[in-house]
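Peer 1: Feature table excerpt (TrEMBL):
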- 54, 56, 57, 61: Na(+) binding site (BINDING)
- 77-95: transmembrane segment (TRANSMEM)
- 115-147: transmembrane segment (TRANSMEM)
- 159-168: disulfide bond (DISULFID)
- 235-258: transmembrane segment (TRANSMEM)
- 264-281: transmembrane segment (TRANSMEM)
């Protein structure tokens, strides 16, 4: 069939993939289901839309962003974050999407139209490589906790002698406190205070150095953390297998390119929202939730942090 001259776009040689041409019309190419037979095309607009949602919302929103907000002044951090989002985040996001859609090339090849910025594409690949490595480690930890949670009693709720030491305690341990005996105030051992039915003066307790079970479970059981950097320790095989599983999931998701990843994103793009809603409901129903929210993004926000360069770096 004849092809409309207005329906075709001939790209500059620097962006042309071999001798391929790219259509602007909605007609299908007669001998192929995809316009780009080498790289393939999205099966539907929904696949592409959910892929972009998954690209923008992911592990960092659930894990890293709350930590950065807490560290950098609470609600005050939202000011530099919003500015960086408007001035840098969204423009760069749309630039990446637009260049990719127009040229159907990778982040290195697409910059051939402007060789001065070809290093940007190389840097994007390097950053993506490092982010993929350490994000998969976190996913490996998450998979371990997922498997470990299939028990009637969660293993990190109790001080198991297998991995807990003498500092492990579910509640604070009081060593000393001040008591009043007649007109005299004394500091006494808490064991003696309880045996003599005395009452500690408020805010005078001296607590023992303890760790909650979840912290010791993480350090002693999951990581099997060594004493120092010079002692590398042994390979923790169950973590290595969880890391391998996380890489296998990535490989299976990408083995057919965007044809397979476009289906996986139906889960990976929507599931974070389910998790965020669950965490929101759970957190809002805990005791002291109002005080926590007030401290996190309320009147307790530390606006003096806005004068620190580190805060703006984290926002960017």
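Placement of Cβ uses the backbone N, Cα and C atoms for every residue, glycine included.
Given the structure is predicted, the values throughout are model-derived calculations rather than measurements.
Thinking about packing and proximity, how do these listed features fit into the structure?
Peer 2: Under the three-state DSSP scheme, residue 57 (Na(+) binding site) falls in the coil class.
Residues 56, 68-69, 297, 305-306, 311-312, 314-316 of the same chain sit 6 or more residues outside the transmembrane segment (77-95) yet have a Cβ under 8 Å from a Cβ within it.
Long-range Cβ contacts of the transmembrane segment (115-147) within its own chain (Cβ-Cβ under 8 Å, at least 6 residues beyond either end) map to 59, 63, 106-109, 222, 238-239, 242-243, 245-247, 249-250.
According to its DSSP assignment, residue 159 (disulfide bond) is coil.
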Peer 1: Taking DSSP as the reference, which of helix, strand or coil describes residue 168 (disulfide bond)?
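Peer 2: In the DSSP reduction, residue 168 (disulfide bond) maps to strand.
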Peer 1: Long-range neighbours only, meaning 6 or more apart in sequence with Cβ under 8 Å: which ones does residue 57 (Na(+) binding site) have?
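Peer 2: Once residues fewer than 6 apart are set aside, residue 57 (Na(+) binding site) is near 269, 272, 273.
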Peer 1: Can you check which residues sit near residue 56 (Na(+) binding site), meaning Cβ under 8 Å from its Cβ, same chain, 6 or more apart in sequence, and list them in order?
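Peer 2: Correct list: 93.
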